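Copied from Swiss-Prot, the annotated features are:
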- 28-48: transmembrane segment (TRANSMEM)
- 70-90: transmembrane segment (TRANSMEM)
- 92-112: transmembrane segment (TRANSMEM)
- 133-153: transmembrane segment (TRANSMEM)
- 165-185: transmembrane segment (TRANSMEM)
- 196-216: transmembrane segment (TRANSMEM)
- 233-253: transmembrane segment (TRANSMEM)
- 260-280: transmembrane segment (TRANSMEM)
- 285-305: transmembrane segment (TRANSMEM)
- 335-355: transmembrane segment (TRANSMEM)
Amino acid sequence: MFYNFLSPLASEWTFFNVFRYITFRSMAALMTALLISIILGPRFITWLRRLKCGQYIHEDVAAHACKAGTPTMGGLLMLFSLSVSLLLWADLTNIYIWQAFFVFAGFGAVGFWDDITKLRHHKNRGISGKAKMGGQLAVACVAMLLLFVNPDYSSKLTIPFFKEVTFDLGWFYLPFGVFVMVAASNAVNLTDGLDGLAIGPSIVACIVFSIFIYITGNARFAGYLLVPYMPGVGEVTIFCAALVGAGLGFLWFNAYPAQVFMGDVGSLSIGGVLGYLALLCKQELVLAVVGGLFVAETLSVIVQVGYFRWTGGKRFFRMAPLHHHFELKGVPESKIIIRFWITSILLGLMALSVLKLR
């Protein structure tokens, strides 16, 4: 809003020229979302308690019994903070801003439906797997179609760490893109099992993609770093910054011991939009690097289920996802969280190294 109303005044008052800079508006968007989350957080948590939106805890993890009743659906706070920040600082005529917001809100709506169902049934099982997958596929399909019909968008798959190595998937890029968004959404959802465990790596991934997206939208930087250039995409840097701010504000209350959980409304939306951001800046495979922690958590579940069926009842891990395995081995929750955060930061740095190793 500030960009649309104030930047035209720069021709008469040079001070307003600052609103044209993506870097300035990105920092402002981050701080706005962060402050909104921190200021409104206590009231929001109190409101959730009044509505009795308490989390139902997995019975197999005895150490989590004390967390029963902790308010959930904290992702709504992130959605509100993000929305206000975007309204103030983003260029509201930019189609990519609206597409990113659609993905975040769309996956969030599926998560909200799942969370509400859990609360109504008073157990830790929400909507059916088919219903959840159907909702995710619907949102991802719409988002991919919007990207695919864009003449500036390419169906080429970029291979990280290699100079100008691409594969044109053609129409197969559509289902591939849908898979990326849905897989990322569910991967973050699986990781959201300890206080602050999912939001920390999500913030790191969002920071990494904000850098890639800024470069993708800048013709000079994109040409120098051999990144596919897409005009207008740089504005999504503001979306990324606002999401980082909203995530940090949420982490203020979600850090161990958590006062609120993000719920599926938060985890599904964050994962889905991370997938979209990777597709938007043509760094689809880099998502597997910066989101390596999410990949490991997902693979642990796949291995556990496959091994259980193959051996007729034996388990490969003590419990899946992976963070529960470490819990049952006696590693303190706070130590697991910090170590996973450190791992995600290292993976983020590795992902950024793609820019120079090309």
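Placed from the backbone N, Cα and C atoms, the Cβ positions cover glycine too.
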Candidate ranges 133-153, 196-216, 335-355 - greatest C-beta contact count to the transmembrane segment (260-280) (under 8 angstroms): 196-216
Best-contacting stretch, by C-beta pairs under 8 Å, relative to the transmembrane segment (92-112) and drawn from 28-48, 165-185, 196-216, 233-253: 233-253
Contact set, same chain, for the transmembrane segment (165-185): CB under 8 Å, 6 or more residues outside the stretch: 103, 107, 133, 136-137, 139-141, 143-145, 147-148, 154-159, 267-269, 271-272, 274-276, 278-279, 284, 287, 291, 294, 298
